[in-house]
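Participant: Could you have a look at this structure, given as structure tokens, before my questions?
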Amino acid sequence: MSDSSDSEGQAPHVERKIPNILVTGTPGTGKTTTSEMIAEATGLTHVNVGDLVKQKQLHEGYLEEFDTHILDEDKLIDELEEVMEGGGKIVDFHSCGIFPERWFDLVLVLRAETNVLYPRMEKRNYNQRKITENIECEIMQVVLDEARESYAEEIVIELPSNDINDMESNVDRVRQWVDIYKANHS
Ligand SMILES: Nc1ncnc2c1ncn2[C@@H]1O[C@H](COP(=O)(O)OP(=O)(O)OP(=O)(O)O)[C@@H](O)[C@H]1O
Ligand SMILES: [Mg+2]
């Protein structure tokens, strides 16, 4: 568990009327597309952490070799703390252990097969090193393990995201889950 996690293995204790959902997974697994669709279906607000980091300069520079920004975790957590308090957020990020456990009511880990993930990244003109790293990360289920280490077992859900049918069924499941959550917390 990361340093920024406030509770030691305890379930989230904050009662929210509208839930916060974390959508995580290896780059290219469909987090942003799925989050936008969930937002549309539920009325929750999509927070794209990667975009926020760039917009608000929540980084300590750029790592050319890996074509990525070095995240300033403390700045990011400070920036999001108030945003998360109200509930109703869909947080979209490829890493999940950095956030406080208490922020989330549901953690979705999107998964994709190598044969669909590879062309998705090629299409985005990722350099070869980044593609290989991400493929290895997906095969070794790094993000899923990180999620299971960081959040209560019962709120971490692994979802296939290989094609549009998977995506639609994932969005529908989440929509139903949000409806039940809202009914139970009104
Ligand atoms: N389940 C899916 N079925 C078909 N296409 C998909 C699926 N998931 C993602 N894609 C496609 O793959 C590409 C990457 O998706 P998206 O941008 O949502 O991924 P991401 O997880 O947000 O990536 P990143 O971590 O780089 O932000 C997009 O072109 C998207 O349309
Ligand atoms: Mg994205």
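Placed from the backbone N, Cα and C atoms, the Cβ positions cover glycine too.
Bear in mind that the values here come from a model prediction, so they are computed numbers and not experimental data.
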Participant: Which of Arg102, Arg124, Arg129 shares the ATP site with Gly28, Gly30, Lys31, Thr32, Thr33 per TrEMBL?
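Facilitator: It is Arg124, as the record lists it for that site.
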Participant: Can you dig out which of the ranges 48-71, 72-95 TrEMBL describes as region 'NMPbind'?
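Facilitator: So the range that TrEMBL calls region 'NMPbind' is 48-71.
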Participant: Using DSSP, how many residues in the region 'LID' (123-133) fall into helix, strand and coil?
Facilitator: 7 helix, 0 strand, 4 coil
Participant: What average pLDDT does the predicted model assign to the region 'NMPbind' (48-71)?
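Facilitator: Within the region 'NMPbind' (48-71), the model's average pLDDT equals 88.
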Participant: I'd like to know which of the binding-site residues listed (Gly28, Gly30, Thr33, Arg124) lie near ligand 2, counting only a CB under 6 Å away.
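Facilitator: Near ligand 2: none of them.
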Participant: Name, in the order they occur in the sequence, the residues of the same chain whose CB lies under 8 A from the CB of Gly28 (ATP binding site) and which sit 6 or more residues away.
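Facilitator: Result: Ala112, Leu117, Arg120, Met121, Arg124, Asn134.
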Participant: For Lys31 (ATP binding site), what residues in its own chain, 6 or more apart in sequence, show a Cβ-Cβ distance under 8 Å?
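Facilitator: Sequence-distant Cβ neighbours: Val23, Thr24, Gly25, Asp92, Phe93, His94, Leu110.
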